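Below is one structure, written out as structure tokens; comments come after it.
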Amino acid sequence: MKAIFVLNAAPKDNTWYAGGKLGWSQYHDTGFYGNGFQNNNGPTRNDQLGAGAFGGYQVNPYLGFEMGYDWLGRMAYKGSVDNGAFKAQGVQLTAKLGYPITDDLDIYTRLGGMVWRADSKGNYASTGVSRSEHDTGVSPVFAGGVEWAVTRDIATRLEYQWVNNIGDAGTVGTRPDNGMLSLGVSYRFGQEDAAPVVAPAPAPAPEVATKHFTLKSDVLFNFNKATLKPEGQQALDQLYTQLSNMDPKDGSAVVLGYTDRIGSEAYNQQLSEKRAQSVVDYLVAKGIPAGKISARGMGESNPVTGNTCDNVKARAALIDCLAPDRRVEIEVKGYKEVVTQPQA
């Protein structure tokens, strides 16, 4: 079966991500008007390269928190007589609110604040004065953009960010705003899919275990008798050991007594029942639970000799020929537990 991955623009809940961005940064309201700074006599280069790095924590598909560093660029005040420069950078903390448009594309906004540092300098040949000052402060940050999941772990974003009132004109001579359009890439940690929970294989059905034992009646009993002989007791002792070793779950045993066809059918039926019961009584006395074993007389049914003795007329010879029909069969049936080895 092939694995199917669904990309999501937002990272998984309760995971971290980190990335960087690069873009076009532009200052607005850039004139010098305070603390001895004065306007230049040439063009002002108010757009520069901006860059940043950020890290975040995704709470759920709609909410995350980000912290980042931004270099907002250096603005040059050009002039052949009077010139100067202004630059700013800062650390920001924002809440990121997102909403999915498709499975792999989100729109989002970020709202928060930036702790910034602003530096300015001026060289004024017209007055023979040079100035250099810096200032720090906090300004609100607003940003909006779209984020696209390239892979499960990698996402890109296109964003426009606005920082209001950077610097104090009374200190650094100006108080510009900054807008930055950037393209960012982030790596999301912990996006691996959890291992699927494999349901354990159902326990195999127990196997039915059946075993047959056949004992010659001539070993167990004297001819035409139902009392066990000493040799018969020894044979049953050996049988008991085998039955004890089997130990099938929910096992039971049926003792079937058979006779030959000599004598009346009714007599043979009665004799087979007595012989079967004698075997049961002996095995119960040895320790087999009485509820687990039963006796059944089968009379002269199911002969194993077939018609092989049909032409035997002498009684003694017929008794010998029909000896295989005189038997006791024990059928043990139960359930055997099937043990499967766990797969590595």
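Glycine residues also receive a Cβ, built from the backbone N, Cα and C atoms like all the rest.
Listed in Swiss-Prot:
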- Cys309-Cys321: disulfide bond (DISULFID)
- 208-336: domain 'OmpA-like' (DOMAIN)
- Glu66: site 'Part of salt bridge gating mechanism' (SITE)
- Arg157: site 'Part of salt bridge gating mechanism' (SITE)
- 1-14: topological domain 'Periplasmic' (TOPO_DOM)
- 25-49: topological domain 'Extracellular' (TOPO_DOM)
- 72-89: topological domain 'Extracellular' (TOPO_DOM)
- 101-104: topological domain 'Periplasmic' (TOPO_DOM)
- 115-139: topological domain 'Extracellular' (TOPO_DOM)
- 150-153: topological domain 'Periplasmic' (TOPO_DOM)
- 163-179: topological domain 'Extracellular' (TOPO_DOM)
- 189-344: topological domain 'Periplasmic' (TOPO_DOM)
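Recorded features from Swiss-Prot, shown on the structure.
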| residue | record | Cβ within 10 Å |
| --- | --- | --- |
| Glu66 | site 'Part of salt bridge gating mechanism' | 21 |
| Arg157 | site 'Part of salt bridge gating mechanism' | 20 |
| Cys309 | disulfide bond | 20 |
| Cys321 | disulfide bond | 17 |
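A gap of 14 Å separates the Cα atoms of Glu66 (site 'Part of salt bridge gating mechanism') and Arg157 (site 'Part of salt bridge gating mechanism'). Sorting the topological domain 'Extracellular' (115-139) by DSSP state (H, G, I as helix; E, B as strand; all else coil) yields 0 helix, 21 strand, 4 coil. Summarised by DSSP class, the composition of the topological domain 'Periplasmic' (101-104) is 0 helix, 2 strand, 2 coil. Counting in whole angstrom, Cys309 (disulfide bond) lies 100 from Arg157 (site 'Part of salt bridge gating mechanism') by their C-alpha atoms. Taking CA atoms as the reference points, Cys321 (disulfide bond) and Arg157 (site 'Part of salt bridge gating mechanism') are 100 Å apart. Predicted-model confidence for the topological domain 'Extracellular' (115-139) is 86, expressed as mean pLDDT.
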